[in-house]
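Input: a single structure, listed below in structure tokens.
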């Protein structure tokens, strides 16, 4: 009686099995890889690395064992073949250069022979003496056949003169030029040394006629003396002095002579001083 109600109840007694199956499914789909499969993947990675390393080693060995690095007989033969080919090319180039040089030399020889045949001096007779002048008189062929003795005499004639005559002519021209230069220099006027002098002419007192004093100073006339501007400069106590400019030639007029000539006018001139002296 107590268990009959269980017959009518709808209870899922196998639900845990379905839960376990669902959990295992999702674990396989999203969960960690099981131990055996993880080991298989690690072994696959190691094998792949080993294969990659072997491939790299083979590539490096193939690169180092090139044509230049071959040490066997085959490598030596290939190197010799390359060197022989380069030597053959150089030989051909040198042969072409030699042929070009030979052709150029043959052309030069032909041109020289043609020039020698066409030049008039080649047809002229050889000189009798070893010492010859730069140029000789060449006679026409008919005249040479008529008088061979005259040709020998003409060969001794120097149309341009000897070296001694040339030296004499050069010496004469040099002397002529020196003489002309000396004459030209003599005709050129010589430079005259001149000086500019500023004189201070002092009177006796303030009653001295300064116009008369200046007239007396300017009355001094000498060869090589030229008077210039003048002015009156006050000294003191109403006394003024005459300051006058003049230009003299040094060879003709001296300062002492000039002072003596001015101080001759004793009535007006007390003293003469040189205020400035400049060479021109």
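One-based numbering along the chain as shown.
Positions of Cβ are set from backbone N, Cα and C atoms, glycine also.
Keep in mind the model is a prediction, meaning the values are calculated, not measured.
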Legend entry - Range annotated as region 'Disordered' in Swiss-Prot, from 113-170, 171-228: 113-170
Legend entry - Tertiary neighbours of residue 60 (phosphoserine) (same chain, Cβ under 8 Å, six or more apart): none
Legend entry - Cβ-Cβ neighbours of residue 106 (phosphoserine) (radius 10 Å): 10
Inset, instruction - Within 10 Å of the Cβ of residue 117 (N6-acetyllysine), how many other Cβ atoms can you find? Include all protein chains, please. - result: 9
